[in-house]
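Here is what TrEMBL records for this protein:
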{"type": "DOMAIN", "residues": "58-213", "note": "domain 'Multidrug resistance protein MdtA-like barrel-sandwich hybrid'"}
{"type": "COILED", "residues": "99-157", "note": "coiled coil"}
{"type": "DOMAIN", "residues": "106-182", "note": "domain 'Multidrug resistance protein MdtA-like alpha-helical hairpin'"}
{"type": "DOMAIN", "residues": "220-297", "note": "domain 'Multidrug resistance protein MdtA-like beta-barrel'"}
{"type": "DOMAIN", "residues": "303-363", "note": "domain 'Multidrug resistance protein MdtA-like C-terminal permuted SH3'"}
Amino acid sequence: MTLLRKMGLLLILALAVVALTVWGYHAHRADPPPLTTTVARGNLEHVLSVSGILQPVRRVDVGSQASGQLKNLYVSPGDTVKQGQLLGIIDPTLSENTLKEAQVGLNSLQAQKLAAQAQLKRARLALRRTQEMYAEKAAARQDIESAEAELQVQRSQLAVIDGQIEQQQISVSNANTNLAYTRIVAPVNGMVLSVTTQEGQTVVASYQVPVILQIADLSTMRVRALIPEADISEVRTGQTACFTTLGTDTRSRCGKVRTVEPSPEKINDAWFFHALFDIPNPEGSLRPDMTALVTLVLGRAENALILPLTALDRARGSDRYEVTVLQPDGRRVTREVAAGISDASHVEILSGLKVGEKVVIPGAIAPEGGQS
């Protein structure tokens with residue numbers, strides 16, 4: 001065999017070895033081991049995260065039904081007040097004078113009543129004497145009729161005065177009420193949120209009660225959570241709702257949804273509904289109009305079959321998906337599963353899988369050294 005022929009054979013063998021090596025490499029790379037996850041049991045919570053605002057359950061606008069100058073104001077924003085506490089005084093001069101006039105009128109009528117009662121008594125005596133004289137033939141029938149008419153007149157006058165007294169008593173009562181209106185008192189326990197009228201200003205209560213200050217009972221706060229229109233069908237009364245506030249206080253406070261308001265609110269061209277829940281505030285750390293970061297628990301599954309969301313393949317309808325199950329012998333079998341609630345990473349499997357089965361993560365390759 002010539003040298004040239006030997007070199008040709010060696011070249012062919014070398015090319016064959018290279019080709020086999022490349023083919024083996026690509027054959028190995030064409031079927032990499034899949035990344036799998038194991039079906040397990042666990043607990044899931046399906047939650048909705050939204051924003052909200054804190055408001056007092058009870059907020060009262062305190063005004064005055066009396067007109068006049070605000071003579072004294074004894075509180076400032078932030079002050080804690082008790083029900084019935086004196087907060088301010090409207091100048092009572094006009095109301096006091098009105099009460100005095102009404103009382104003088106009542107006194108005058110009561111004096112007139114005494115005089116009318118005396119006249120009535122005199123008319124009765126006159127009628128009795130006339131009747132006695134008539135019996136003795138000392139008076140005519142006409143005299144008796146005149147005495148009877150006079151008695152009736154006096155009775156009528158007394159009745160008129162009684163009516164006037166009753167009317168004047170109402171005037172006195174109204175004057176007392178109007179005088180009481182000049183004293184501004186706290187209708188509830190709470191904190192003064194704002195003062196809109198200052199000392200020296202004049203308030204006019206002709207058509208509506210002017211607001212002088214605002215008080216809120218902060219012992220219980222209400223969270224108004226903004227629910228997007230797309231999610232409102234999942235929110236119901238009785239669901240657990242938790243929230244945190246901005247700042248250093250990171251405590252989570254929880255309550256139950258008490259109502260979902262039927263009318264939406266338009267914010268930046270989007271519609272939102274309000275879900276309301278109440279929170280005790282014994283420390284007073286929660287204030288009106290604070291921002292609340294709300295988490296609503298829409299559903300909960302305990303000891304359920306769970307699977308990572310990444311293991312779900314193609315959707316097959318409402319809450320139904322394909323998954324690929326890796327059999328113990330290495331075969332891959334496609335199954336259809338029914339999905340329940342989900343959280344940010346896992347989904348509840350209602351049917352189609354069993355605990356311990358291996359499910360292939362679509363498009364993922366196991367790290368070198370085995371499966372996951």
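Yeah, the Cβs are placed from backbone N, Cα and C, and that goes for glycine too.
Residue counts for the domain 'Multidrug resistance protein MdtA-like C-terminal permuted SH3' (303-363) under DSSP, helix first, then strand, then coil, are 3 helix, 37 strand, 21 coil. Look at the domain 'Multidrug resistance protein MdtA-like beta-barrel' (220-297): DSSP puts its residues at 6 helix, 42 strand, 30 coil. The domain 'Multidrug resistance protein MdtA-like alpha-helical hairpin' (106-182): residue composition by secondary structure is 71 helix, 0 strand, 6 coil, according to DSSP.
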